[in-house]
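Student: Pasting in a structure now, in structure tokens, and then I'll have a few things to ask.
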Amino acid sequence: MTPLIFVTGGVVSSLGKGIAAASLASILEARGLKVTMVKLDPYINVDPGTMSPFQHGEVYVTDDGAETDLDLGHYERFVRTRLSRKNSVTTGRIYQNVICKERRGDYLGATVQVIPHITDEIRRCIDEATASFDVALVEIGGTVGDIESLPFLEAIRQVRIERGAERTMFMHLTLVPYIAAAGELKTKPTQHSVKELRSIGIQPDVLLCRSEQVIPDSERRKIALFTNVSERAVIGCPDIDVLYGMPLELRRQGLDEIVIDQFKLSGTASLADLSEWEDVVDAIKHPLDEVTIAVVGKYVDYQDAYKSVGEALKHGGLRQRTKVNLKWVEAQDLEGSDMAALKDIDGILVPGGFGDRGFEGKVLASRYAREQRVPYFGICYGMQAAVVDYARHVAGLEGANSTENDRQSSHPVIALITEWRTTTGEVERRDEKSDLGGTMRLGLQEQRLKAGTLARELYGRDVVGERHRHRYEFNNRYRTQLEDAGLVIAAKSMDDTLVEMIELPREMHPWFLACQAHPEFLSTPRDGHPLFIGFVKASRARKAGGKLLREVCV
């Protein structure tokens, strides 16, 4: 059985369970262990695919097309294991599975209850996602004490009874607040949080104590005494200035050794080599250049909606020792044709989105970048905005639009995808009446790049795979007309039916590229992504007056 580390949170939400868990996973991976991660989310939605970005933030997409919590993005940025729909489990999915089994008669007429049926299904999902790994980390969303989390906590309590301490570990993340008026850290919230956890039968093995300051040894001893946790296993997690430095901090305090000792993995695990993370932190702390990128979106008041985009831009910068400053621009603010927000920036990125609100602002951002020769990177809706701009203002297709926003458009250059092949080769069909949830073109899809294009130069190969999440697509009826007007179709699906990337000729624009997929989902701090690296480099070149001041790469 795979050893399991269950990560829970207490006192308040948003303490960073996902980052802490992913950081530990990265250390264990660096020790030669095969690691995976699972997120258990207590909400009743089947997945976050139809949830508002203002409430939930980004919907992260895996290779197999699962629409998941943004924490899976953190996981994949810290560990090299590629995750799937098995790694994201919600209350909605659990209940859906149980109800389907009940309807089929799988329970043989039994009364279906939270215990054992719901908890058994939770345990089955955990087992399915973690089989064949050396270690798995399972994060339980929410905060201890939330009624929604109780079935998950009961399920992991049962797992501990079944597997024992040598195959399970409970890691609890709490807050140790600093009270300025008293001038001291307070441990009482942590004590009460552990008391709440123990009341449902779970005794933490490790405490991760979040705080603004370093926790003194005297306070760590106090926490250990009142929570029945070894002092060695009370780990301080002070605020740090570089997120990707967390693996180094946890390694310094020996968290991985606690795991290795409890699971008796010393014969399997090697010494941790965290040199890659040291290089990442060094590149972030000591940049040699700096650029400002305008991100023109429609959810900019809640930047978690673009979490992977922001991180991918920073990754693209750190691969060149360049600090990337993000200027968040509300797309609607551009619709009065006031482009002041786009002055004095080095590049423009237009990310994905849905619906007509703000779309015209994105079109205007594309036009501004095209006419002012500012590096432009369009992603998903950002590509569609670029196509609409080009159709209207270069190809002369007055009224060109997406049918998502105007079904009566005289020139629907972007239209609903009605048919495509999935990753398994099956044909899927959709229409305007299809359910919103889980009905998009989703997951990793291969595409063929056109020789001689900027895209082909950046990737360095002919065929690439990127993750998708969209319903609307470039309308092939206008492909020839737009190409005749100068637009370059830089990539198409493997069956030649779907336009995947567009760009402008380099004699027309120094760097103008847009893609229908979401490359941000494959960017990591250790490797970056070719498109983001190229975009940041082009932005540096613009800032330098057409040529790079420094050619640096880590």
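Along the chain as shown, the residues are counted starting at 1.
Glycine is no exception: its Cβ is also placed from the backbone N, Cα and C atoms.
Model, not experiment: these values are computed from the prediction.
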Student: Looking at Swiss-Prot, which one out of Glu330, Glu335, Glu404, Glu446 binds L-glutamine in the same site as Gly353, Tyr381, Gly382, Met383, Gln384, Arg471?
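Tutor: For L-glutamine, Swiss-Prot names Gly353, Tyr381, Gly382, Met383, Gln384, Arg471; of Glu330, Glu335, Glu404, Glu446, the listed one is Glu404.
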Student: The CTP site in Swiss-Prot lists Ser13, Asp146, Ile147, Glu148, Lys186, Thr187, Lys188, Pro189, Thr190, Gln191. Which one of Lys34, Lys39, Lys222 belongs there according to the record?
Tutor: Lys222
Student: Among Asp69, Asp71, Asp106, which residue does Swiss-Prot name as a further ATP binder in the site formed by Ser14, Leu15, Gly16, Lys17, Gly18, Ile19?
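Tutor: As annotated by Swiss-Prot, Ser14, Leu15, Gly16, Lys17, Gly18, Ile19 share the ATP site with Asp71, chosen from Asp69, Asp71, Asp106.
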Student: Out of these recorded positions, Asp71, Glu139, Glu404, Glu520, which one has the fewest other C-beta atoms within 10 Å of its own C-beta?
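Tutor: Among the recorded positions Asp71, Glu139, Glu404, Glu520, the lowest count of other Cβ atoms within 10 Å belongs to Glu404.
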Student: Tell me the Cα distance separating Gly18 (ATP binding site) from Met383 (L-glutamine binding site), rounded to the nearest angstrom.
Tutor: 31
Student: List the residues of the same chain that sit at least 6 positions away from Leu15 (ATP binding site) in sequence and have their Cβ under 8 Å from its Cβ, in sequence order, or write 'none'.
Tutor: Gly9, Leu173, Thr174, Leu175, Arg210
Student: Are there any residues at least 6 positions away along the chain from Gly16 (ATP binding site) with a Cβ closer than 8 Å to its Cβ? List them or say none.
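Tutor: Spatial neighbours, sequence-distant, of Gly16 (ATP binding site): Leu173, Arg210, Cys237.
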Student: By a 10 A CB contact count over all chains shown, which of the recorded positions listed here is most packed: Lys17, Lys186, Lys188, Arg471, His518?
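Tutor: When each Cβ's neighbours within 10 Å are tallied, Lys17 leads.
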